[in-house]
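A short worksheet on the structure shown next.
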Amino acid sequence: MTTDVTIIGAGLGGLTLARVLHVHGIRATVYEAEASATARAQGGMLDIHEDNGQPALRAAGLMDEFRGLVLEGREATRVLASDGTVLFDDDSTRGRPEALRGELRRILLGSLPAGTVRWGHKVSGVRALGEGRHEVTFADGSTVVTGLLVGADGAWSRVRPLLSDAVPEYTGRSFVETYLLDGDTRHPAAAKAVGGGSMFALAPGKGIQAHRESGGTLHTYVALSESQDWFAAVDFTDAAAAAARIAQEFDGWAPELTALITDGETAPVLRTLSALPTGHRWDRVPGVTLLGDAAHLSAPNGEGANLAMLDGAELGRLIAAHPDDVEAALTAYEEAMFPRSAAAATDGARLHGLLFGQDAPHGLITMFTGHEQP
Ligand SMILES: Cc1cc2nc3c(=O)[nH]c(=O)nc-3n(C[C@H](O)[C@H](O)[C@H](O)COP(=O)(O)OP(=O)(O)OC[C@H]3O[C@@H](n4cnc5c(N)ncnc54)[C@H](O)[C@@H]3O)c2cc1C
């Protein structure tokens, strides 16, 4: 390999690529905007799937480390009616072990040679130099030139414009994220409602989805199908007022469910959900490609991080398989990635229909009981 690989973004996708390249003896440098590995909390639990996340971790040689992170029992799933009645409760495992995203990122970072990730390098621009070479400019004005550039820089990728004019659009729905800490002791009714793993309390167009994390932390995404203007009118700088405003949309719901919104120990955080068009693709451009959310951002459906890791693992494998022909590697990678991510986005849209459609919460129960395929 004559060219080092330049990866923009140290999320799960970019780090999996760097790791798989390292396993194959290929050097990579990852440029990351954040100042350090601990600059930002990494979000909640991820279930790692048998058909994408797990093979990626296997290719990265990290399955043993991953098994050490799995939080037992967190695959339990329940669906509640708005009055708190348990409509569906299943504590079986479905081959989708759960781990904290931050812990997964930690094992990936720990598996790379020192200095692989250059923290505090926010990309401000990229330009083609011809013959597959690109110049990357950082916010401090410094530049690097590379013969193989990979945009793993998430939803608002700075690399994407080299390949495509597509821009993510608002999905019409957002999440508001809350945390209740030490739930069993401090919020026993809410902790009981959530149960041992995931809890979905759903109605058409909205829902309260919570997850039991480590140490009894109850992590909640409150889903509302409202416009961006509607959310802009909520004052998220006043935590109590914002929580009360969001909870107002669940007037009449069981108090142990609305407590997940109003009794949070951290300020509620708005997560605006945007997506690229389903089937987003581009014509081959020499020397550059995208992976993960940069390539196929979709509304959260439990697949995004898993797909990003599989993209990284597959791209790494193909670069190693074509040491003298980067274009053959990128072509093979994109030919498999485009249909894979389009299929996942289509399934994801159907899942959102089951979660928040007119039949909620019964559509999801039908899916869990096996009468509808996920
Ligand atoms: C609320 C919510 C819940 C979700 N739940 C799940 C789930 O349960 N399961 C699941 O599989 N997926 C889930 N997802 C989706 C998942 O988070 C993403 O699909 C996944 O993180 C994509 O990984 P990535 O590596 O492509 O991008 P990211 O994780 O977004 O990583 C991109 C990295 O690039 C860096 N970066 C960005 N811009 C620049 C720049 N200009 N210069 C340098 N660096 C830059 C960022 O700081 C970041 O570190 C969820 C998403 C949301 C919003």
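Each Cβ is built from the backbone N, Cα and C atoms, and glycine gets one as well.
All TrEMBL annotations are machine predictions without curation.
Remember, it's a predicted structure, so these values are computed and weren't measured experimentally.
Here is what TrEMBL records for this protein:
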DOMAIN    3-343  domain 'FAD-binding'
BINDING   Arg40  NADPH binding site
BINDING   Asp47, Arg101, Asp293  FAD binding site
Nearest of the binding-site residues (Asp47, Arg101, Asp293) to the residue listed as 'NADPH binding site', judged by Cα-Cα distance: Arg101
Site diameter for FAD, Å, by largest Cα distance between Asp47, Arg101, Asp293: 17
Helix, strand or coil at Arg40 (NADPH binding site) [DSSP, three-state]: coil
Which of Arg40, Arg101, the listed binding-site residues, has fewest other Cβ atoms within 10 Å: Arg40
Secondary structure of Arg101 (FAD binding site) (DSSP, helix/strand/coil): helix
Binding-site residues near ligand 1 among Arg40, Arg101, Asp293 (Cβ under 6 Å): Asp293
Cβ neighbours within the same chain of Asp293 (FAD binding site) - under 8 Å, at least six residues apart: Gly11, Gly13, Gly154, Ala155, Ser157, Gly304, Ala308
Which same-chain residues, if any, lie at least 6 apart from Asp47 (FAD binding site) yet have Cβ under 8 Å of it: Glu75, Arg96, Pro97, Glu98, Gly302
